[in-house]
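S.K.: Got a structure here, written out as structure tokens. Questions coming.
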Amino acid sequence: MLKVILPTIMLLPTALLSPPKFLWTNTTLYSLLIATLSLQWLIPTYYPYKFLSNWTGIDQISSPLLVLSCWLLPLMIMASQNHLQQEPLSRKRIFISTLITVQPFILLAFSTTELALFYISFEATLIPTLILITRWGNQPERLSAGIYLLFYTLVSSLPLLITIMHLYVKIGTLHLPTLELIRPTLSTSWTGTLSGLALLMAFMVKAPLYGLHLWLPKAHVEAPIAGSMLLAALLLKLGGYGIMRVTLLMGPLSNLLHYPFLTLALWGALMTSSICLRQTDLKSLIAYSSVSHMGLVIAAGMIQTHWSFSGAMILMISHGLTSSMLFCLANTNYERTHSRILLLTRGLQPLLPLMATWWLLANLTNMALPPTTNLMAELTIMITLFNWSAFTIILTGMATLLTASYTLFMLLTTQRGPIPSHITSIQNSTTREHLIMTLHIIPMFLLILKPELISGIPS
């Protein structure tokens with residue numbers, strides 16, 4: 001574990017001390033090296049924990065998410081190059097350092113075996129994200145977006161801290177493998193129900209559950225491209241991962257807890273998909289689509305069967321890659337037209353034909369078309385939900401239909417139709433952008449060949 005965390009921390013001096021000419025080259029190549037090194041975590045073993053140390057251990061649930069977070073760092077650095085070109089050198093260094101600072105915290109949050117350390121790193125990821133949004137966002141509204149993000153996260157996570165302390169007083173340890181062996185089933189008393197609620201609430205806001213999701217579209221729309229990729233691909237997954245970890249500890253959930261959450265998650269998937277059909281803002285549309293996908297993950301996490309957990313796991317990984325790719329594509333449009341409004345960025349297919357291919361691929365994966373892992377995940381989750389209650393098929397079926405329709409709506413409005421008269425000349429797409437898209441889509445297509453790597457099932 002240390003052989004990835006230490007190089008990641010040493011990226012900081014690399015970013016701060018590299019000569020100006022090699023700043024981007026050094027940081028990107030170094031982080032790509034770390035990403036290739038992290039692929040060893042996917043090697044299946046018969047042990048419950050791989051690479052176990054005193055504080056960290058990697059099991060089937062965390063290894064795919066860890067590899068995903070290492071994989072996305074070079075992509076975030078590559079995607080930020082263009083909009084930082086005009087900035088002075090010191091600001092470039094600070095931006096890259098902020099991006100790198102989030103990384104060790106995310107790695108710790110995903111790999112820790114101690115609940116207290118998990119809480120600390122879970123909260124620490126908030127600060128660099130906040131700096132990214134409020135300093136490098138595009139519009140003055142970024143300050144209100146930052147305040148939304150901060151207060152939603154803080155208000156929901158303080159009860160989590162209190163419950164973790166309460167658990168420690170009651171049981172005497174916060175070591176996750178030990179807790180899983182003891183299985184501290186929360187009593188049916190009000191204390192048990194409320195502590196279960198507090199444990200879940202922080203992750204529900206982070207994941208975001210429909211109704212607690214208002215910070216997400218704001219934060220996404222205002223964030224720079226790296227901030228958007230970070231939020232969509234990694235920080236939302238912290239919520240899903242937390243739900244999977246905590247529900248394992250709590251034993252069977254009481255009906256008071258999981259019925260409202262399940263209902264809200266499935267209804268939210270439906271509602272946010274229909275909100276997407278009415279969006280005018282491209283980034284906001286992609287943000288709402290991730291709310292609807294994470295709603296399925298929350299619903300699967302609440303049912304707590306093997307199938308639902310593996311479906312949630314696969315959906316988190318494939319959604320991380322897909323939404324990150326969609327944000328990159330939206331950013332390439334934004335950098336050329338300086339507008340996120342869908343009506344002003346129409347008909348780009350004849351102008352940027354190769355980019356249109358990437359748009360098509362990304363939208364097809366977002367729609368969960370076979371042979372993508374998104375399809376496998378959504379089918380798995382729908383089967384488990386149907387097995388739990390047959391009525392859920394109505395909600396999930398309508399959500400799927402709406403997902404397909406808003407994805408096609410996004411594809412048709414950005415790529416087809418008449419070219420708006422204000423677009424007279426547009427710069428070509430660069431090799432860098434095609435490389436980013438390729439590095440997003442290759443894992444997507446390779447993972448369907450061996451999905452057990454990311455399915456969270458002990459192999």
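Every residue gets a Cβ built from N, Cα and C, even glycine.
Copying in the features that TrEMBL gives for the protein in this structure:
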DOMAIN    1-108  domain 'NADH:ubiquinone oxidoreductase chain 4 N-terminal'
DOMAIN    113-403  domain 'NADH:quinone oxidoreductase/Mrp antiporter transmembrane'
TRANSMEM  21-43  transmembrane segment
TRANSMEM  63-81  transmembrane segment
TRANSMEM  93-110  transmembrane segment
TRANSMEM  116-133  transmembrane segment
TRANSMEM  145-169  transmembrane segment
TRANSMEM  189-212  transmembrane segment
TRANSMEM  224-244  transmembrane segment
TRANSMEM  256-277  transmembrane segment
TRANSMEM  284-303  transmembrane segment
TRANSMEM  309-329  transmembrane segment
TRANSMEM  341-361  transmembrane segment
TRANSMEM  381-412  transmembrane segment
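Provide an account of the burial state, proximal residues and distances for the features listed.
M.R.: Confidence for the domain 'NADH:ubiquinone oxidoreductase chain 4 N-terminal' (1-108), expressed as mean pLDDT, is 93.
Listed as Cβ neighbours of the transmembrane segment (145-169) (distance under 8 Å, sequence separation of 6 or more from its ends, same chain) are residues 115-116, 119, 122-123, 126, 129-130, 133-134, 137, 184, 195, 197-199, 201-202, 204-206, 212, 214-215, 218-219, 221-223.
With a cut-off of 8 Å between Cβ atoms, the residues of this chain six or more beyond the transmembrane segment (189-212) that come close are 122, 152-153, 156-157, 159-160, 162-163, 166-167, 235-236, 238-240, 242-243, 246-247, 249-250, 253-254, 256-257, 261, 264-265, 267-269, 271-272, 291, 294-295, 297-298.
Long-range contacts of the transmembrane segment (224-244) within its own chain (CB-CB distance under 8 A, at least 6 residues past either end) are made by residues 61-62, 65, 68-69, 72, 75-77, 79-80, 83, 95, 99, 102, 106, 109-110, 118, 122, 125, 129, 132-133, 136-138, 200, 202-208, 216, 283, 286-287, 290, 294, 297-298, 301-302, 309, 312-313, 316, 320-321, 323-324, 327-328, 331.
For the transmembrane segment (256-277), the list of distant contacts is 193, 196-197, 200, 204, 209-211, 213, 285, 288-289, 291-293, 295-296, 298-299, 302-303, 385, 392, 395-396, 398-399, 402-403, 405-406, 409-410: same-chain residues at least six beyond its ends, Cβ to Cβ under 8 Å.
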S.K.: Going along the chain, which residues at least six beyond the ends of the transmembrane segment (284-303) come within the CB cut-off of under 8 Å?
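M.R.: Distant Cβ neighbours of the transmembrane segment (284-303) are 204, 207-210, 213, 216-217, 219-221, 232, 236, 239-240, 243-244, 247, 253, 258, 261-262, 265-266, 268-270, 272-273, 275-276, 309, 311-312, 315-316, 319, 323, 326-327, 330, 340, 342, 366, 378, 381, 384-385, 388, 392, 396, 399, 402-403, 406-407, 410.
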S.K.: Which sequence-distant residues neighbour the transmembrane segment (21-43)? Criterion: at least 6 residues beyond either end, Cβ under 8 Å.
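M.R.: 3-4, 7-8, 11, 14-15, 50-51, 58, 63-64, 66-67, 70-71, 73-74, 77-78, 81, 89, 92-93, 96, 100, 453.
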S.K.: By DSSP, what is the split of the domain 'NADH:ubiquinone oxidoreductase chain 4 N-terminal' (1-108) into helix, strand and coil residues?
M.R.: 80 helix, 3 strand, 25 coil
S.K.: Which bits of the chain, at least 6 residues beyond where the transmembrane segment (309-329) starts or stops, bring a Cβ under 8 A of a Cβ in it?
M.R.: 61, 64-65, 68, 72, 75, 79, 220, 225, 228-229, 232-234, 237, 240-241, 244, 283, 286, 289-290, 293-294, 296-297, 300-301, 355, 358-359, 362-363, 365-366, 372-374, 376-381, 383-384, 433, 436-437, 440-441, 443-444, 447, 451, 454-457
